[in-house]
Amino acid sequence: MGTLLHAITPKLALPGHDFSSSSSSSSYYGLTFPYLNSRFQGSSSSTRLAKKIRVSADSTKHSPAVDFSDPGWKSKFEKDFEARFNIPHITDVFDDAVSIPSTFCLRMRTPVSEEFAGGYPSDEEWHGYINKNDRVLLKVIRYSSPTSAGAECIDPDCTWVEQWVHRAGPREKIYFRPEEVKAAIVTCGGLCPGLNDVIRQIVITLEIYGVKKIVGIPFGYRGFSAKELNEMPLSRKVVQNIHLSGGSLLGVSRGGPSISEIVDSMEERGINMLFVLGGNGTHAGANAIHNECRMRRMKVAVVGVPKTIDNDILLMDKTFGFDTAVEEAQRAINSAYIEAHSAYHGVGIVKLMGRSSGFIAMHASLASGQIDICLIPEVPFNLHGPHGVLRHLKYLIETKGSAVVCVAEGAGQNFLEKTNARDASGNVVFGDIGVHIQQEIKKSFKAISVPVDVKYIDPTYMIRACRANASDGILCTVLGQNAVHGAFAGYSGITVGICNTHYVYLPIPEVISYPRLVDPNSRMWHRCLTSTGQPDFI
């Protein structure tokens, strides 16, 4: 078994970063995905259609090419989709696994005691459970044409195809006895608003089920192997007020030991429920842990909670921390606006998070109403030339007297010197596009003898470290609760998310295939362009 880094290192060539390959497919975490590169190599409707035909995240189970001439292609596609999104269950491995009545029932407001481990005594049936056959519709817009803005079509005629995923929530039958559970929580990657909120709700919900043994693994996956790091006992008393602070009670880190070492540690500690909070790379590691546990025939539930401030997880409305990031970014944008507006020929530049996706920059620009130019990784741009950013900045200075630029950290990396350096998660270390734009503005205006006052603000670490706002607090609460419900229901190798305002369980491979990106033909990007008034910079 290779190292954890090997399991989670992304291999996807991101838009605007490297298009030297002529291959018609891309890979992510070692998996190959046809059509992905085509998304960024043309804007024709045929190209957009090609990239909509999804493939399985499991490289050994690619969906067969769809034959649209087959009258039954639609039903075949729906069956294939249902098979791909079927979530793993412990009964897949343990045929003799026995379910018991759920110990989660809100008729009794206090945590379950050992004498009620087989279920709460009640004279009435509690109608608060989710039927295992409940489903949520993944796509809710019926597009009539592939040329419609943001259209996601399966076939050239945009035929309506129903795609259903599993509804999240407590089940009437559970597959773990609370008194036999030892649950562990681990937070990986970088900081994100809401980590403590999720930890808190996982602990509280576990205690309501009746779990007594709950621990936190310190500093990400490395906490499984570092001898100097001891697991942290958790209880409602310990986590009661942690959501009032940013950061993570457990600490975070990138990278870690091998999958075998992690599972060895889980086996040694007696952990049979693992809750993993992290992004794409962390989820790839969680899926590898799930598979290793299955291979060893360990009755373990591994459940992920998507944590990415960039909002770049597939299939989900949003991830926790995103709303807070957009809200906190307003302070930086407003400061840049005031600096630019108060100076003679002032230009304010704000760099926001977004390695491969520009959701934060786009939404922060829309929310502020103070941005003149928004630059994101998904939309190529030129700095120089008749249609470049610098030419438009000159126009703004001449007509408005000031300008504010919002740029995502992953945008314009083709202008910077490439480096082979990578962080502990295997991500390429980016150059600072904000500093580069600042320098180019100064040089450009100096060359035409026009004075300019440029201020650059990078609020990244201020945003990451703050506590979750009310919207994210609610999202974190429900995600944490549903993660526990999923584990007790016997599901493993899953993640929990919000889809079309409903909470769902998704198989991990389907959400880590590649990063979710801003569609340059989407209505939201068009709204952003309407707000900024910027032209195409090509």
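Using the three backbone atoms N, Cα and C, a Cβ is placed for every residue, glycine included.
Features as listed in TrEMBL:
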type     : residues                                                                               : note
DOMAIN   : 183-485                                                                                : domain 'Phosphofructokinase'
BINDING  : Gly190, Arg254, Gly255, Gly279, Asn280, Gly281, Thr282                                 : ATP binding site
BINDING  : Asn280                                                                                 : Mg(2+) binding site
SITE     : Gly281                                                                                 : site 'Important for substrate specificity'
BINDING  : Thr308, Ile309, Asp310, Met353, Gly354, Arg355, Glu409, Tyr461, Met462, Ile463, Arg464 : substrate binding site
ACT_SITE : Asp310                                                                                 : active site, proton acceptor
Residues that sit under 8 angstroms from Thr308 (substrate binding site) by C-beta distance, when 6+ apart in the chain: Gly189, Cys192, Gly279, Asn280, Thr319, Gly321
Taking residues Gly190, Arg254, Gly255, Gly279, Asn280, Gly281, Thr282, which bind ATP in the record, the widest Cα spacing (Å, whole number): 13
Local confidence of the domain 'Phosphofructokinase' (183-485) - pLDDT mean: 94
Among Asp310, Glu409, the one of these binding-site residues whose Cβ has the fewest neighbouring Cβ atoms within 10 Å: Glu409
Lowest local Cβ density among Gly255, Gly281, Gly354, which the record lists as binding-site residues, within 10 Å: Gly255
Closest of Asp310, Glu409, Met462, Arg464 to Gly190 (ATP binding site), Cα positions, binding-site residues only: Arg464
Gly190 (ATP binding site) CB neighbourhood, other CB atoms within 10 A: 21
Cβ neighbours of Gly279 (ATP binding site) where a neighbour is any other Cβ within 10 Å: 25
